[in-house]
Amino acid sequence: MKRTKTASVVGIALMAAGVALTMTAPATAAPAAPTVAELSAAQSSLDRASDTRPSTVVGWYVDEKSKSLVVDVHGSDKGVANWAEDLGASDITINKVAEAPKPYWNIIGGQAIRTSAGSRCSAGFNARSGSTRYVITAGHCTAIGGTWSGSGGTIGTAAGSSFPTNDYGIIRVSSSSAASTALVDRYSSGSDVTVTGAATATNGMAVCRSGSTTGWHCGSVTNPSTTVCYSQGCVYQVIRTNVCAEPGDSGGSLVTAPSGSTVRAVGLTSGGSGNCSSGGTTYFQPVPEVLSVYGLTLYTG
């Protein structure tokens, strides 16, 4: 009898001696999960081609727990899988994120702040009222108006100014990427110092000043309650010192001489005479008055 060769086909019923038999498919091994080394290699491939990524791709990383390369996407994922596959990352997990990441930067006392009107001053101290954040600086700076920016981008707009009579102002921090700190920049004189609170100036007190034009300079208080008259009018009860300053240092931090890495906030640079080459006299708006007027609390560390 001639026999007929038949191929086994999964799910096909064969008739033999009048009995229906169903063939069972041979077991097939599941594909092996990629190793961490393979995933890391795929991540490196994406790193090298990061400039070619779709605009909605905001990051990627190896998730060792799920054994996958996760690609974070803000917005449409169109073209993301093809982009990754072309780079050798064929098995990716797309993770939709609600917000695109952005860089954070610190607002630090003594560093430059600039207005959209083109003027430059210096940040004094960071403070808050409830959850609302502010930068304290000189009133003759904030009176200029406009939007203020720092080293990493926009800070916000002026929320108050008093000049002359006083010389203080506040900038409301509206940028979520600008971090308020308790730091004051010592520039080339050392690491940043941390503000632990406020202090009232006394005669002979050792103090230091930070500003964006001349950096960090120290001296002493020669009179804690002086009247100084500028062309715009007089400012009362300011701190007179033998610490030098120059244009652009305005609004910068006056602090107690550091005790280790900590200081207390004393004043805001107002104005003066002389320079940091030959020396001079500089006047400072007391900080405690500003805190009291606006109901603010300093950021401290």
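Any Cβ shown, glycine's included, is placed from N, Cα and C.
Disulfide annotation in TrEMBL: Cys276 is bonded to Cys244, selected among Cys234, Cys244. According to TrEMBL, the cysteine that forms a disulfide bond with Cys121, out of Cys141, Cys208, is Cys141. For the domain 'Peptidase S1A alpha-lytic prodomain' (36-88), the number of residues in each DSSP class (helix H, G, I; strand E, B; coil) is 23 helix, 13 strand, 17 coil. In sequence order, Asp167, Ser250 are the recorded positions from Asp167, Cys208, Cys218, Cys244, Ser250 with a C-alpha within 10 Å of the C-alpha of Cys141 (disulfide bond). The most crowded of the disulfide-bonded residues listed here (Cys121, Cys218, Cys244) is Cys121, judged by how many other CB atoms sit within 10 Å of its own CB. A straight line from the CA of Ser250 (active site, charge relay system) to the CA of Cys121 (disulfide bond) spans 5 Å.
Between the disulfide-bonded residues Cys141, Cys276, the minimum number of other C-beta atoms within 10 Å of a residue's C-beta occurs at Cys276.
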